[in-house]
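Engineer: Take a look at this one; I'll ask things after.
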Amino acid sequence: MIAGQVRALIALRWSMVRDGRARASLLVVFFIPVVLALGAIVVGHLLPAPTDNSSLLVIVPALLLTFLVLSIVTPLAAGGGNELYPPDQLVAFPIQFRTTTFASLVLTPLNLAWLFQVLAALGLVSYLSQSTWIACLAASSTVVAFIAFATTLGQTIGWIVIGVRQTTGGRVLSWLTIAVVSVGFLAIFKAGLLTNALDRSPTIWVLGATLRAANGDWLVWGVRTTTLIASTFGFLATSVFACQWALRQPDKRGHRSKPKATRAASHNKVTTASSLARRIDRAGLWRSPSLRRGVGLLALLPTLTIFLAGSQISLIVLLPGLVAAGSGLLFAINAFCLDGPGALFLSGLPAPAQDWFWRRAQLVAEVASLTSLPVIVIGLARLPHWPSASSVIAVLASACTCIAWITALAMGASVRRPHRALLLGPRDTPAPPGTMALQSVIFSAATTGIGIAFTLTELSGLAWISLVVATGLLTLAARSLRISASVWNEPSQRARVVATVSAG
């Protein structure tokens, strides 16, 4: 019954993709994780055996622990689990809570951060287990069992937290828990006990199982792998009940219906139609709980990590672009969905259509800048030595170029491939899961390429090279924006966007 509902929902979502090129791209996105995972296992086994694996014995447990933390944080950042459809589109159908849970798990591999951690873990464990192919596959199966365990554990915790946060007291409790965990981690880090804590990590137990398989100790390997599999099924059943409980909790926070005084316009400055429109755009952004949470986490988590762990100039060249790419996935790939049904009203106002486009592009760039700026400031401040002028110019040029390209790519997707998305719920996304995965690949590839280019210019030590590269890339981004603006200015295409975001 559950598998049938999941298959039917996926088939319905697939039938809604009518463009042949889009279908081909989605197929590639869906099959890439499997191909890459098998490739990581094979390549890791075929590489020459390490002469000294002591460093890998430290790296692998830390990597698995990072994956465990990521599996817990990601559902919390997403407001629970991922969704095949917004809840308002399924309210008339007898969709079971188990279907919602399984559909959320099915969509997990579309997360690039999750996928990269999986590939790294499989490759390194296969590299350490090179005695025989059977031992390599056995060790890899243990890692797969751990991945399934961590993913179901994260989903369970995510659903529980979502249910708890439906009350004001629950929200206070969740923030207090985050504060206590953060202070505890900071205390361990400042006391120099982080290495000792990692030595007691539960993921060492998982690594031990893979090494036992490589050494032929099949009993210990079998017991530990079976324990992981049994725990996975246990948390899977628990996540179903947690999902059912969370989605049945009424929202008791009482903040949606309270009166709010209208802010009066200042008498000291002239209020123009353009400034009022920008205020409406920003209000449309901050009204969404998923966008508020996403912007906050994107700005906070990388900054906090750099503040605690320190920084390197090569990292600061790359990281702001990746943060900007994450901000683009919050809403920018479907930027006009912020207006919702109001898009029909806005399209009838006596204002130039191009103003609407450029205001929305400005909003996309503002959000990307807002999330990237703390990373740049704290990253430069946490460098071991104050960087040279050429290094600072390379960092700023990389960030500005990435923001410009994210804006250009996002606005191009917004005017060519609009979607209906109200962004009212905590788990709402601006586009279907397949589109989100495809755009995340595009954004990550673009920002990573730009970051690598400016890393090379920073290594040269010549500021003028960074400026020349930035000028060329910014020119291309501006050209892309102008092309998207010309598409938007076509009445038929603009009407299609307005009709889609306002009524579906």
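Here, residue 1 is simply the first one shown, and the rest follow in order.
In case you wondered, yes, glycine gets a Cβ from its N, Cα and C as well.
These came from TrEMBL, pasted as-is:
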| type | residues | note |
| --- | --- | --- |
| TRANSMEM | 24-47 | transmembrane segment |
| TRANSMEM | 59-81 | transmembrane segment |
| TRANSMEM | 102-126 | transmembrane segment |
| TRANSMEM | 132-160 | transmembrane segment |
| TRANSMEM | 172-193 | transmembrane segment |
| TRANSMEM | 228-247 | transmembrane segment |
| TRANSMEM | 297-323 | transmembrane segment |
| TRANSMEM | 329-351 | transmembrane segment |
| TRANSMEM | 363-381 | transmembrane segment |
| TRANSMEM | 393-415 | transmembrane segment |
| TRANSMEM | 436-456 | transmembrane segment |
| TRANSMEM | 462-481 | transmembrane segment |
Engineer: Can you name the far-off residues of the same chain, 6+ from the ends of the transmembrane segment (462-481), with a Cβ under 8 Å from a Cβ of it?
Structural biologist: 361, 389-390, 393-394, 397-398, 400-401, 404-405, 407-409, 411-412, 450, 453-454
Engineer: What stretch of 172-193, 297-323, 436-456 shows the most Cβ pairs under 8 Å to the transmembrane segment (393-415)?
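Structural biologist: Between the candidates 172-193, 297-323, 436-456, the best contact partner of the transmembrane segment (393-415) is 436-456.
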Engineer: Which residues, given as numbers and ranges, are at least 6 beyond the ends of the transmembrane segment (363-381) yet have a Cβ under 8 Å from it?
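Structural biologist: The answer is 278, 281-282, 285, 295, 298-300, 302-303, 306-307, 311, 315-316, 319-321, 323-324, 326-328, 330-332, 335, 338, 387, 392, 395-396, 399, 402-404, 406-407, 410-411.
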Engineer: Ranking 228-247, 297-323, 436-456 by the number of C-beta pairs under 8 Å to the transmembrane segment (24-47), which range is first?
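Structural biologist: Maximum Cβ contact count belongs to 436-456.
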